[in-house]
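Summarising the annotation, Swiss-Prot assigns transmembrane segment to 39-59, 74-98, 108-132, 153-174, 194-216, 347-370, 379-403. The annotation topological domain 'Cytoplasmic' is assigned in Swiss-Prot to 60-73, 133-152, 217-346, 404-422. As annotated by Swiss-Prot, disulfide bond applies to CYS109-CYS187. Look at Swiss-Prot and you will find ASP116, CYS120 tagged as serotonin binding site, backed by similarity to another entry. Swiss-Prot lists LYS345, THR346, GLY352, PHE403, ASN404, LYS405 with the feature 1D-myo-inositol 4-phosphate binding site, giving similarity to another entry as the kind of evidence. Per Swiss-Prot, motif 'NPxxY motif' is recorded for 396-400, and the stated evidence type is similarity to another entry.
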Amino acid sequence: MDVLGPGQGNNTTSSEGPFGTRANATGISDVTFSYQVITSLLLGTLIFCAVLGNACVVAAIALERSLQNVANYLIGSLAVTDLMVSVLVLPMAALYQVLNKWTLGQVTCDLFIALDVLCCTSSILHLCAIALDRYWAITDPIDYVNKRTPRRAAALISLTWLVGFLISIPPMLGWRTPEDRSDPDACTISKDHGYTIYSTFGAFYIPLLLMLVLYGRIFRAARFRIRKTVKKVEKKGADSRLGASPAPQRKKSANGELGSREWRQGVENKAGGVLCANGAVRQGDDGAALEVIEVHRMGNSKEHLPLPSEAGAIPCAPAFFEKKNERNAEAKRKMALARERKTVKTLGIIMGTFILCWLPFFIVALVLPFCESSCHMPTLLGAIINWLGYSNSLLNPVIYAYFNKDFQNAFKKILKCKFCRR
């Protein structure tokens, strides 16, 4: 979205502007050849990567059946939207930036602004739809399995486009100021104060608030589940240490006699002290049995551990199994912490990228129309802010698809042309 067109940030005349621009007597910046070459290369690369990345996501979902589910339909629709931004909007925006003035006429300018606002708003709202789908999936997993249908995904996608139309169309119907069309070399969004508030809050600030709330609740729900799992593991480990272990049952042979393996019983512990049991489990014909169990006293003697009769029970859990349970519990705790850190990292990347790309743009979009006469925006800074927002269409497929292993496998198949051989 172009709030500040190239060369429009400063109406005063200067001999040399930032990044190789020169202002002429009318205040409209001319550009040097080096500026045009460098800008063309940078923006051309960005557009090419955005088109390629989003096209690969769409192709992967269309060709790989394992990716054809409701969650990925939303990601695929986001990729289609960002592909539209890359194909319909960015080339005209790049031409505007390279030439440093609008040369395509007023009708094309109106169409460009409408497509710009429509596609960028829909892209942002797709991120909200994905967040909402993930929120329902993690907070109500049992019921949402039946509700998570293609029809529901289609309804969410349609809503994103409807809101985009409601925000992009009003300027074409006259919700603008007379000054918006006063300069034939400029093509910027409507600076009407009412439309500025309506469009910025509808396209960004309300979706941003919704995403912060949803991902905050997703994080709390995920952390609660992870910690609940850890507590269950710890409780199970504690119960196994405190509880008695039942004696192994001895199977009878065909003639009705007990198995040949005998239990050693009746050891007498006269000296007292700390006993530590060490055992080895062996699978025999008559089932699993603790065959060699010895007691090591902290003193010098060595005795056999009293073992249970058929109706008896081992008086204490063997240390070998206690340590094993403790190791398992510790491993589960570490895995849970790793999952929690991964959740924080993933949500941080999603929200951090979105805010980094769009917040500077929408701050300028909201503030500039109210203080245009007194605010000074350097040309280079305005260009960076505009293209930082556009770059979100390049980063979305990386965040939502390329980090996913299923998508990675599909991309490998595409690169190796495995789908072509079917």
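Keep in mind that glycine also has a Cβ here, set from the backbone N, Cα and C atoms.
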> By Cβ distance under 8 Å, which residues at least 6 away from the ends of the transmembrane segment (347-370) in the same chain are close to it?
Replying inline: 1, 3-4, 124, 127, 189, 191-193, 196-197, 199-200, 203-205, 208, 211-212, 215, 218-219, 377, 382, 385-386, 388-389, 391-392, 395, 399
>> DSSP on the motif 'NPxxY motif' (396-400): how many residues come out helix, how many strand, how many coil?
In response: 5 helix, 0 strand, 0 coil
>> In whole Å, how far does the CA atom of CYS120 (serotonin binding site) lie from that of ASN404 (1D-myo-inositol 4-phosphate binding site)?
In response: 24
> What does DSSP give as the helix, strand and coil breakdown of the topological domain 'Cytoplasmic' (60-73)?
Replying inline: 11 helix, 0 strand, 3 coil
> Taking the Cβ of CYS120 (serotonin binding site) as the centre, how many other Cβ atoms fall within a 10 Å radius?
Replying inline: 27
> Closest of the recorded positions to LYS345 (1D-myo-inositol 4-phosphate binding site), Cα to Cα, picking from CYS109, ASP116, CYS187?
Replying inline: ASP116
> Reported as an integer number of Å, what is the Cα distance between CYS187 (disulfide bond) and LYS405 (1D-myo-inositol 4-phosphate binding site)?
Replying inline: 42
